[in-house]
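Chemist: Per Swiss-Prot, the features are:
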type	residues	note
TRANSMEM	14-34	transmembrane segment
TRANSMEM	84-104	transmembrane segment
TRANSMEM	113-133	transmembrane segment
TRANSMEM	170-190	transmembrane segment
TRANSMEM	208-228	transmembrane segment
TRANSMEM	247-267	transmembrane segment
TRANSMEM	286-306	transmembrane segment
TRANSMEM	323-343	transmembrane segment
TRANSMEM	346-366	transmembrane segment
TRANSMEM	390-410	transmembrane segment
TRANSMEM	426-446	transmembrane segment
TRANSMEM	466-486	transmembrane segment
Amino acid sequence: MEVKDIFSYDWSYLLPEFIILGFATFLSLLDLFAGKRLGKQVIGWLSFLGTVIAAIFVIINMNALNKPYSYMIDMIRIDDYGNAFKLIFLAGTAFAILISLSYLKAGEVQHRGEYYYLLLTGLLGAMVMASSADLITLFVGLELLSLSSYVLVGLRKKSRLSNESAFKYVVSGSIATAVLLFGMSYVYGLAGTTHIYEISFRLAEAGMAGYQFLVYTAFAFLAVGLAFKISAAPNHMWAPDVYQGAPTPVTVFLAVVSKAAGFALIFRVMMISFFNVSDGTGSGRFFFEEGSLYLGLMAAASMIIGNTMALRQTNVKRMMAYSGIAQAGYLLVPFVPPTSLFFSEVIFYLFGYLLVSFGAFAVIMVVSREQETEDLKGFAGLYHRSPVMAIAMSIFLLSLAGIPITVGFFGKFYLFMGTLVVENYWLAAIMIITSVISYYYYFGIIRQMYMRPGTTEAPMVVPKGIWTFILIMAIATVFFGAFPGLVTDYIQIHFNPSFDFGNMLSPSSQ
């Protein structure tokens, strides 16, 4: 690519990334030279403003984009799929910033300025991952998100638990990155290119040439490495310790934004790269046979391990970590194998999970701060101290359990119906059984709030900002549970969810 080619691109489609990069750079300099005079709250609100402006430009791109647009020999691809995930990332980061504005007032994080622009750099990494069409840019985005997350988890420097969780996160993440890179090296060795859309055809040729075992090995290593990002089995063991030790806004950032970024990677790397590979007999495709079976086993293991291990937890954040492992299993179900509507199912589920997770963790943050404990007993008698908080938390838990009428019910319902369409009855059965198991620990929290006496009857003092945020999340959870068509129709209109699996050509060749 020549220098003149750089100026021939329409760079407006990358404005959301440029805005986040610009705000992160500007805020780091502002914190360095004027942080004490301005105050850290100003930096927080400016970070929030940056995410809102970037989201506006993503929406503008959605309306202006008629077909995928690529940059730098297809290294970056702007398309409906990437834009949908970017909106999830931006909303998740904006919500994390909003609850952080209240959380960080207590001084639990010493370097509050760094905290906000580290969130933005992590967001930028996730956005790059969503638009990557090349293994190099994909890995750069992955590391940008990962390194930012490592630092965010350990920002409570005076907390032994936070330091321990950060150390475990770095070690586990480094191992997962090494495994992922090992899988990428196999892919590059077989394909001779790092362009994901070209890899799809090169791997098919390698499989037909007798290198199927190496192709399958590459798939296995990539799957194990990506399992870390979405906290799915067999690479899930870091999640409970990290969720417990990290600041609560960082915990929910990892639970939503980092997990969603991992699923964006699964599509870009796993589905596209291995889409055209034969299953060895010439009668089918590897991804729809052996590859889907592998992901199905990951999904089943995640649902079973996550829900059964959550039964034993007394710490609410650890319980939510195991719940998140189970949610990763549910989200893997549409990929086993994918149908033409898998995109709608994944995005709708992530949308509902976004609302419910941020609402639930906001309540956990308020209760744990007032009670000075994150144990279940801290929720005892919550209904008598703050009926609104108790009702809101009940709504979030019912949604996670998949109870009508909540957004979580329809999220699981769409996933379940998708499994029936492709006749994955064994996976549908595991979904039902593990969902029933989850009722026990979700209703355990509800039982504490309504049926157990608390240590005090004094009304709970909830900051107005966080109170409003929780109330909005609760209303949205019920509203979109009652009218799910508003979201699904929007997805179908703006994001072309009926993905044409037979058209896997790179943008330049379409």
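Backbone N, Cα and C define each Cβ position, glycine as well.
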Chemist: Near the transmembrane segment (170-190), which same-chain residues lie under 8 Å Cβ to Cβ, leaving out any that are not at least 6 residues past its ends?
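Modeler: Residues 135, 139, 142-143, 146, 149-150, 199, 202-203, 206, 211, 214-215, 217-229, 235, 237-238, 273 contact the transmembrane segment (170-190) from elsewhere in the chain.
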Chemist: Which one of these stretches, 14-34, 84-104, 323-343, 390-410, 466-486, has the most C-beta pairs shorter than 8 Å to the transmembrane segment (286-306)?
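Modeler: Checked against 14-34, 84-104, 323-343, 390-410, 466-486; highest Cβ contact count belongs to 323-343.
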Chemist: Taking 247-267, 346-366, 426-446, 466-486 as candidates, which has the most Cβ pairs under 8 Å with the transmembrane segment (390-410)?
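Modeler: So the stretch in question is 466-486.
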Chemist: Using a Cβ distance cut-off of under 8 Å, indicate which of 113-133, 323-343, 346-366, 466-486 has the most pairs with the transmembrane segment (84-104).
Modeler: 113-133
Chemist: Ranking 113-133, 323-343, 426-446 by Cβ pairs under 8 Å to the transmembrane segment (247-267), which is first?
Modeler: 113-133
Chemist: What residues in the same chain, six or more past the boundaries of the transmembrane segment (346-366), come closer than 8 Å to it by Cβ-Cβ distance?
Modeler: 84, 88, 91-92, 95-96, 99, 102-103, 248-249, 251-252, 255-256, 260, 263, 316-317, 320, 324, 327, 330-331, 334, 374, 389, 392-393, 395-397, 399-400, 406-408, 410-412, 414-415, 460, 462-463, 466, 469-470, 473-474, 476-477, 480, 484, 487-488, 491, 495, 497
Chemist: What residues elsewhere in the chain lie close to the transmembrane segment (426-446), defined as a C-beta under 8 angstroms and at least 6 residues from its ends?
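Modeler: Same-chain contacts beyond the flanks: 296, 299-300, 303-304, 306-308, 310-311, 313, 316, 319, 323, 326, 329-330, 333, 336, 376, 379, 393-394, 397-398, 400-402, 412, 415-416, 419-420.
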Chemist: Any residues 6+ beyond the ends of the transmembrane segment (466-486) with a Cβ under 8 Å from its own?
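Modeler: Beyond its ends, the transmembrane segment (466-486) has Cβ neighbours at 95, 98-99, 102, 348, 351-352, 355-356, 358-359, 362-363, 365-366, 388-389, 391-392, 395-396, 399, 404-410.
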